[in-house]
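Novice: In case it helps, TrEMBL gives these features for our protein:
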ACT_SITE  GLU464  active site, proton acceptor
BINDING   THR185, GLY224  FAD binding site
DOMAIN    181-290  domain 'Acyl-CoA oxidase/dehydrogenase middle'
DOMAIN    328-479  domain 'Acyl-CoA oxidase C-alpha1'
DOMAIN    523-654  domain 'Acyl-CoA oxidase C-terminal'
Amino acid sequence: MDRVLQRTKILNNHLLQASPSSPPLSSNACLNYSPPELSEICAFDVKEMRRLIDWHHMELRDHLFGMISRSKLFNPRVRGGKVFVSPDYNQPMEQQREMTSKRIDYLFERGVFKGWLTEEGEEVELRKFASFEVLAICDHSLGIMLAVHFFLWGGAVQVFGTKHHHDKWLKDTETNVVKGCFAMTELGHGSNVRGVETVATYDSNAGEFVINTPCESAQKFWIGGATNYATHAIVFSQLNINGTSQGVHAFIVQIRDANGKVCPNIRTADNGRKTGLNGVDNGRIWFDNVRVPRDNLLNSVADVSPDGKYLSSIKDPDQRFAAFLAPLTIGRVSIASCAVYLSKVGLTIAIRYALTRRAFSLKPNEPEVLLLDYPSHQRRLLPLIAKTYAMSFASKYLKTLYVKRTPHSYKNIHVFSSSFKATFTWNNLHILQECREACGGQGLSSENHVGQMKAEFDVQATFEGDNNILMQQVSKALLAEYVVVMKRKKVFKGLGLEHMNKPCPVIPSQLTCTTLHSSQFQMAALCLRERDLLNRLAFEVSQHQAKGLSKEHAFNMSYQLAEDLSRAFTDRAIFQTFSEAEATLASGPLKDVLGILRSLYGLICLEDSAFLRYRYLSVDNSALVRREIMKTCGEIRPHALALVSSFGIPDAFLSPIAFNWIDANAWASVQH
């Protein structure tokens, strides 16, 4: 009983605060939202920074943002006194697809796509890239449907077709009279396009090709627009002439009439609900003796005469096949550039939230600390800002390379588009995941975008080239270049490998902080890693071949080195574009901040495990890199708001937690 009385007395004293040494209990004042603009500095011109990273068609971007935000088709809703637009991901799949179709019509009616296929030149191509970067931000399903229609279907007609194809199909595609899809992938073959099993047999008596799906694994699979939307398809098939296969070729096949009815001898089915992109009607297609005119063979690379003779100016089957993959290049360039803008959206939301959300006090009776004032939170998000700026400059380089392309630059475009598409989309998924977690539970809400965006853009890692396979292609191209240079005893030229002609860089055994932040040192370290890994890969592959392995088998056995090499190439290439952008600026606040960002990006590249694995950095130097990353995050912290504001994403395309998240979640919003 005494024990019960003693515990009662302790509890009573605690509740009544009887101890004179204890401060009286009181409730905290209610939290108030304070816009970060009131407290954060802006040490440089935000508009000028946006011009630097957006680079082109800023007025067009803003015009499209305005056109979309004013339409009820894009689901505008008021939260916390601001209007936000985004798809309603809670709608049934069929309704999401219907809304995608209506949004496409809305943009066509307003002339957004005028000249996209009937005009030529750098300006129209950059205009397309800018438009897709905006569309990807507002509705990924919309962007994908239009990319399939213009870049894949339209691009295939442009690249594979000749004048009579252009005259017949391009204007109707540009005005949406013809709705195109791209039937390459099959149930049994995705990345291995050479292995597709659909067959097109030439009938010389009728002057027609007969297209068949010979087995279930040959059904066209994951074809965007195939279930309901598309009227025509580019069908990739094995061309058979008199019993001889001439390899994969592309054919125009009508799959629906103007009323949406599936054409005779064609069967379609729905791929069903997906983890994202449910506004795209991905479907499956079977062909049962479908006949198309001889003119429907896209014949810029190869043709078939009326009497059945196979004609091609490209005699090498490998080169001929490579020519058929050309339309995928523009898709990869667009996917890479769009991934950068999605990272910008995620980071803008997460940074703005971290500048207004508080958690825990360091001392009693002190205000809670802003999330972004915690070093751990800075370490999570601020290096991702540096990475996104780096990707912005690399994207500018890639788009420039593409729009100024010549026959001599195709190899470079293939390598850089493969490298950047894979890396940017992987980075984007990582950035969105980190931003989602940095927003806590709020990041799970679909109206706050970040978590939903990750689900929507997960597909980026595997469509239009599986990322792992694309990076293998990068390493194979570097290895091939190395072998040719060594065999012919020439110098390296192209792919940024000119540094291989210079003496090998040496990293000091004891690095200083000043050296670590130097652009010249960071570039030298990245070149050293790339150089050494290329030498290692060439040696290891040759060792496997000396034991009797084929070239392909030898490369596959060296895949770990190949992975490290492709990452080293990409990091060096991206860093080079960042460093060159910094060098072009005149002295001033913009250059100062960009220099800190470049330094941070270089440091996070040096943090890669390869620098320890291959002993380019000692353990002590690697530890110094880590300490300097934390220090540099602290230097970036005062500029965080200005840096994400420079991304130029309008408020309507962000989310409630980027602004007054208290009002957005108030009871009044529930009643409304």
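Including glycine, each Cβ sits where the backbone N, Cα and C put it.
Unlike curated records, TrEMBL annotations are generated automatically.
These figures come from a predicted structure and were not determined experimentally.
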Novice: Taking only the Cα atoms, work out how far GLY224 (FAD binding site) lies from GLU464 (active site, proton acceptor), in Å, as a whole number.
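Specialist: Computed Cα spacing between GLY224 (FAD binding site) and GLU464 (active site, proton acceptor) is 12 Å.
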Novice: What's the CA to CA span in angstrom from GLU464 (active site, proton acceptor) over to THR185 (FAD binding site)?
Specialist: 10
Novice: Would you mind splitting the domain 'Acyl-CoA oxidase C-terminal' (523-654) into helix, strand and coil residue counts from DSSP?
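Specialist: Per DSSP, the residues of the domain 'Acyl-CoA oxidase C-terminal' (523-654) fall into 108 helix, 0 strand, 24 coil.
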